[in-house]
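Taking it in order: structure first as structure tokens, then the write-up.
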Ligand SMILES: Nc1ncnc2c1ncn2[C@@H]1O[C@H](COP(=O)(O)OP(=O)(O)OP(=O)(O)O)[C@@H](O)[C@H]1O
């Protein structure tokens with residue numbers, strides 16, 4: 001189908017305010033960047049040598065704070081381990097220059113060791129932390145263990161690592177304090193710009209999606225473990241380069257640079273500055289380090305106490321951080337979204353295949369001694385809309401889980417579009433043609449409608465690391481959902497601000513953006529008004545009958561099921577007790593008995 005422009009709401013009168021806000025926000029960003037550039041260029045003439053010395057070190061620490069913000073603030077991975085990567089970079093320089101002397105080749109060797117060492121350790125930590133089923137808590141514990149282990153290794157390194165005293169006085173780059181200031185400031189600027197471009201890009205929005213709702217990401221076909229591991233490697237390398245710079249400048253390395261105390265301080269700076277803002281942690285990293293340098297000698301214990309108390313106060317009272325709070329009046333704390341141009345995504349020939357879309361043979365599911373599914377045999381064809389009904393606790397949701405995640409079932413086989421899903425995870429099942437809509441609206445609350453839909457299209461279009469695509473392509477039926485529910489006029493609305501019905505419609509559009517062949521819908525009309533239920537019913541009907549999708553609908557609204565289903569399947573106590581047309585099912589004495597609560601599954605009758 002041709003790419004037809006269907007809608008462009010940037011020209012509508014309602015879009016004038018966001019355009020003005022965007023212009024004002026851009027104006028303030030340019031002003032702030034100009035001030036930063038002046039400080040960076042003119043710093044050596046404005047500050048004395050002591051302050052320059054402190055600022056150079058603070059710039060390197062601020063780079064590490066940026067990496068923590070991208071991992072924690074944007075992706076939701078609370079890590080105490082970024083100090084370890086900072087330390088690897090610092091010790092790569094310190095050890096190489098101490099034992100091999102300083103030259104262009106040893107500097108290259110030290111930098112190569114930093115890059116490879118950080119990438120390898122981050123890859124290992126990612127593999128350990130983000131395997132399938134690992135909890136966020138487990139990942140945080142691993143991040144805590146990493147700096148502890150690394151510090152112990154350094155302490156047991158004897159004269160090679162300098163043990164608890166570290167290494168001092170090694171030869172290093174011969175630069176003036178001004179040159180170091182500009183070099184460190186430029187590195188911080190580069191790190192900030194890379195981070196800024198990344199988090200504003202379409203790929204950066206995926207990090208927020210993982211933070212908001214990782215389960216939904218996997219059901220959109222996104223391998224979140226791979227994304228997080230790749231990100232950890234990139235951020236580990238960035239922190240390592242900062243550590244390399246720090247030890248090359250200071251001529252000192254000590255185990256404290258790898259320790260979890262520094263890892264915790266990085267978290268404090270990010271929280272104080274405003275996590276998920278990038279420039280907040282950057283500014284906080286610099287300011288806290290400067291303040292520490294001046295105040296820690298006059299009040300060594302009180303200063304740490306003040307920092308700790310400030311952290312607690314900010315977490316409790318101002319979770320968005322102090323710097324966004326200070327800059328709120330200038331409109332710098334919010335990112336004004338731009339509405340993309342909606343286009344229809346062409347359907348590739350053969351995508352609407354016919355035949356058996358879903359096949360289950362002898363599927364069982366046990367929770368300990370509880371047998372929830374007892375040998376389910378079931379088939380559904382493309383173009384069919386099957387209503388799955390049964391009393392509460394019959395096993396309907398469990399059956400859907402077994403269809404969409406290979407490790408859910410206890411026995412039997414499931415085939416999606418002719419392919420056995422074996423033990424495959426949901427993100428791979430999605431690539432086989434599965435789309436699943438959950439009972440409660442399962443969306444990304446902090447993203448806009450357009451961003452949610454963009455993330456949903458990741459399977460078909462790799463998101464850019466550099467920019468926001470001004471065009472959003474969706475299959476015709478997903479666009480139909482947006483038009484019918486008027487969500488196409490709310491593309492820049494944040495998902496959490498939508499009504500319950502709009503959130504349900506958004507999730508349906510996200511599932512359809514995958515171009516699925518089998519759509520599982522768990523009570524899609526729960527909590528909707530009569531009009532919304534009718535709208536969704538018509539949409540589902542057209543999905544199956546016009547677009548040839550295989551839809552399996554779990555629904556308690558029997559009127560709706562009667563109107564749109566081509567076949568009804570009745571599940572009771574984990575067994576399919578009947579299937580047929582709606583009339584056959586409602587007239588069945590067995591079904592009447594089941595719904596009156598007086599039936600036992602087949603095989604249990606005397
Ligand atoms: N994780 C679990 N651990 C133990 N038992 C479970 C678990 N999940 C579901 N069950 C049990 O499995 C049975 C079937 O649950 P399921 O949610 O699949 O039923 P359902 O037909 O979807 O019910 P409803 O219509 O109320 O949503 C119930 O008895 C439930 O208590």
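Cβ atoms here come from the backbone N, Cα and C positions, even for glycine.
Automated prediction, rather than curation, is the source of TrEMBL annotations.
Some features that TrEMBL has for this protein:
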- 29-47: transmembrane segment (TRANSMEM)
- 53-72: transmembrane segment (TRANSMEM)
- 84-102: transmembrane segment (TRANSMEM)
- 108-130: transmembrane segment (TRANSMEM)
- 137-160: transmembrane segment (TRANSMEM)
- 180-199: transmembrane segment (TRANSMEM)
- 229-246: transmembrane segment (TRANSMEM)
- 301-327: transmembrane segment (TRANSMEM)
- 358-598: domain 'ABC transporter' (DOMAIN)
Near the transmembrane segment (29-47), which residues from the same chain, at least 6 beyond its ends, have a CB less than 8 A from one of its CBs? 55, 177-178, 181-182, 185-186, 189, 279, 332
Listed stretch, out of 53-72, 108-130, 137-160, 180-199, that has the most CB pairs under 8 angstroms to the transmembrane segment (229-246): 108-130
Take the transmembrane segment (53-72) and find every residue of the same chain, 6 or more past its ends, with a Cβ under 8 Å from one of its Cβ atoms. 43, 47, 78-79, 82-83, 85-86, 177, 180-181, 184-185, 187-188, 191-192, 195, 198-199, 207, 231-232, 235-236, 238-239, 241-243, 245-246, 249-250, 266-267, 269-270, 273, 275-278, 280-282, 284-286, 289-290, 293
Can you work out which residues elsewhere in the same chain, 6+ from the ends of the transmembrane segment (137-160), have a Cβ less than 8 Å from its Cβ atoms? 77-81, 83-84, 87-88, 91, 95, 99, 121, 125, 128-130, 166, 255, 258-260, 262-263
